Structure formats: C-alpha cells, structure tokens
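The following features are taken from TrEMBL:
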| type | residues | note |
| --- | --- | --- |
| BINDING | TYR27, 42-46, PHE75, 78-85, 179-181 | FAD binding site |
| DOMAIN | 75-213 | domain 'Cryptochrome/DNA photolyase FAD-binding' |
Amino acid sequence: MPAFPAPTRAAGLDALAAFLAGPGADYAAARNTDRGRAAPTTSALSPYLRRRLLTEEEVAQAAIRALGARGAEKFVSEVFWRTYFKGHLETHPRAWTGFLAGCDAARGRLAAEPGLRRTHARAIAGETGIDGFDAWAAQLVAENWLHNHARMWFASIWIFTLRLPWELGAAFFLRHLIDGDPASNTLSWRWVAGLHTRGKPYLARRDNIREFTEGRHDPAGLDEHAACLDEAMPPREVPLPPADAVPGGEVALLLHLDDLHPESLPLGNARVMRVAGLTASSEGAAEAVRAADTAAMADALARAGGHFGCPAEPLREGWAGDLPVVTPWAPLGPSAEALPAGCRRIRRDWDERAWPLSNRGYSRLRGAIPKLMGA
Ligand SMILES: Cc1cc2nc3c(=O)[nH]c(=O)nc-3n(C[C@H](O)[C@H](O)[C@H](O)COP(=O)(O)OP(=O)(O)OC[C@H]3O[C@@H](n4cnc5c(N)ncnc54)[C@H](O)[C@@H]3O)c2cc1C
C-alpha cells in the first residue's frame, strides 16, 4: 500500500465521508477483521483524530447523522475510547512516566543481555519466524499503520510469546505509527499486558488470528496460557489538573500536535492577533511520522492565519511580543513536555466533561455517552 496522504483537515474530511459512505454501514460486524489497508473495515481516521485535525465530537456527530444513533453506536463508542485513554492518562500520569522509565531500564537490559538483544532485533526486523507477527512488523515499518486487531495480536505475542519488555514494544509502535499517541498507545499496551484491567491479559490465539485475517495468517507456537504481567506500584490516580480561564482581549495562540483545529477552540471573547505552531514529534519518530507532523502543522497554521486574519508561523523566539499566550490543553506527551512556560492552557468542553469520567474503567464513560452526545 502507498503511504498515507499528508494528514490535513481536508484529507481527514474526505476520509470521513468515504468511511460513512462505505465501510461505516458494516462497521460493527466487520471491524475486527483485518483485510489489509486495501480493503478497510475501519475508518483509518486515527491520524487525523490523534492530531485533532478532526475532533472526536464532529466525527461522532457526523457518524450519527449518516448512520443513525443505532447504526453509529459501536463506532461512536470506539471514538470515545480515545477520549477515555486521554482522560485516564491525565489522571494517572505515572503510567506515562513509568513507561518512559521502563523503556530506559529495558534498553539497559538490551545492552547487558545478548539473548534478549537478539530476540528484540529479530522482532523489530520481522524475522521471528512467527506467521503474522513478522508481516505486521514489516507493515508497521513500511506503512506506519496496523489494524487494531493486528496491534492487539502483535503486542500480545511480543509480551507473552517472545517475552520481551512491553515498554520496548510500545516504543517501537510510537516510533512508527502515523497515529502514535502517548495515551492510546501506552494504555493499550498496558491493557494487553494485564496491567490496565489488572489480572486480565489479552492472549492472542491462533484460531482467532486465522479467523480474523481470513486465513492469511495461521501462527503456530503461541503461548496462549501465559500469566499476566504485574507491577509493584500501579500508577496512582491524581486529580485532573484544572484548565486556565481564557483571557479577554488580545491574545497570541500557540498550536501544537495534540490540537490542530483552532477554528473550534473555546476562545470566548479573546481576539487572536498571532498564531505560532510547536511541532514536537515523539522522540525517535520515524521520518514518515515527522513528515506527517510537519504537514499537519503547516495545514493548521494556514487555516489559523485565514480564520483569525493574522500572522501564523512556526514557533520562534519572541513571536508573541507582550501578548498573553493561550494554548489548547496538551495531554501528557511530547507537546506538553515542550510547551514554553507561562502558557494559559484551555480545555475543550468535550474533554472537560468526559475526562472526569475516565479515571477508572471504560464502562463509566461508555454509560455516559448518550448524555455526552446529547449535551
Ligand atoms: C497495542 C495497541 C497500541 C495502540 N496504539 C495506538 C496509538 O498509538 N494511537 C492511536 O490512535 N491508537 C492506538 N491504538 C488504538 C487503535 O488500534 C487505533 O486507534 C485504531 O486502530 C485506529 O484505526 P481506525 O481509525 O481505523 O479506527 P476505527 O475502528 O475506525 O475507530 C475510529 C476511531 O476511534 C478511536 N479508536 C478506535 N479503537 C480504539 C482503541 N482501541 N483505543 C483508542 N482509540 C480507539 C480512534 O481514534 C479511531 O480513529 C492502539 C491499540 C493497541 C491494541
């Protein structure tokens, strides 16, 4: 398959329309089947949603308009998983810092343990001899994409059959995925390992892989009965940090890769006089991911300049003059880590309502979806 198109809002709206007119109608029944990117069963909207070139809210609403509340129910619930993971990581920041520390520790082990180093090298090169796994490793590097079910199988085989540290697998995903996202990625890997829903690992099974790849893959030798991982100190819950109020009057707006739809930001009475863009890709991100980040930011800056009728440029020293700097909330990850001090961080109503319901399991947020969508 060719690479993804440069992620712009226009490309995202086209992909949304194509999904709703095509695979959207059969999504609930077909979404677990991976037929490869040439015959999609899902929307492939994550590169746009991850950067908020499209917002979760507009995508969920468009699906309900096109497919009806019943017909869109499963899809909307999946979109809310993204919101849930964001809110969960914001209230469990140690899941993120623990992943980063675990990565450092696992890299230390790679340097010290030749057996582990060999297994890891074979896994990321797609040379383990495990049918399916090797193809997904190659697809991830070549196309920067995997179907959700393939991500689950891959992560499970990585952890339970190859017995590699999960943090190295999560880092491999973040490096190559075009939709690489600190919250969805870290918490999904933790979920597969049995650390998120504690004691309930996701174990990839040969017959399940055969069925949902329609016989393309039939891997022998998987450990289908492994015990889940455990950790001495599960990440503690902390209160959701409060957002800042939007100042009235003239402001400078700083965009970043977690929210590239400035047109719908809740800016109140603020008047945006200047816009800048901070492009902080994940550490070690592959060339194609960096190129996608750069293209997405260029698209957002061009739209922002037109929308607010002001200069919009990549971040540079002194860009804001004396104006107060407002920025959309950056959830934990590279953007939040790179934001200059002193920004006023504002939050969308969607996050403000959903994140407080995301501090435990997903079912609480799922139960609130009708109310959240109706509001
Ligand atoms: C081990 C593992 C790692 C993952 N890493 C990432 C990641 O780095 N970035 C990322 O965006 N997603 C990640 N996911 C979640 C999921 O696989 C992708 O969001 C999904 O495959 C994107 O394809 P789609 O747009 O066609 O999804 P669709 O099925 O069309 O769903 C629509 C949207 O809902 C959201 N969504 C759907 N399923 C999930 C899910 N399980 N978790 C969170 N959001 C979901 C996405 O925004 C997606 O675009 C990971 C899943 C696993 C199991």
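Residue numbers in this text run from 1 along the chain shown.
Every residue gets a Cβ built from N, Cα and C, even glycine.
Here the features listed in TrEMBL are painted onto the structure.
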residue: TYR27; record: FAD binding site; contacts (Cβ under 8 Å, 6+ apart): THR41, THR42, SER43, LYS74, PHE75
residue: ALA44; record: FAD binding site; contacts (Cβ under 8 Å, 6+ apart): PHE4, ALA15, PHE19, ARG37, TRP145
residue: PHE80; record: FAD binding site; contacts (Cβ under 8 Å, 6+ apart): GLU56, ALA60, ALA354, LEU365, ARG366, ILE369
residue: THR83; record: FAD binding site; contacts (Cβ under 8 Å, 6+ apart): GLU56, TRP350, ASP351, ALA354, TRP355, SER358, LEU365
residue: ASP179; record: FAD binding site; contacts (Cβ under 8 Å, 6+ apart): SER46, PRO47, LEU49, ARG50, TRP145
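Ligand 1 lies within reach of ALA44, ASP179 from the binding-site residues TYR27, ALA44, PHE80, THR83, ASP179, judged by a C-beta closer than 6 angstroms to any of its atoms. For PHE75 (FAD binding site), the Cβ neighbour count at a 10 Å cut-off comes to 25, with all displayed protein chains included. In the three-state DSSP scheme, ALA44 (FAD binding site) falls into the coil class.
DSSP places the residues of the domain 'Cryptochrome/DNA photolyase FAD-binding' (75-213) in helix, strand and coil in these numbers: 103 helix, 0 strand, 36 coil.
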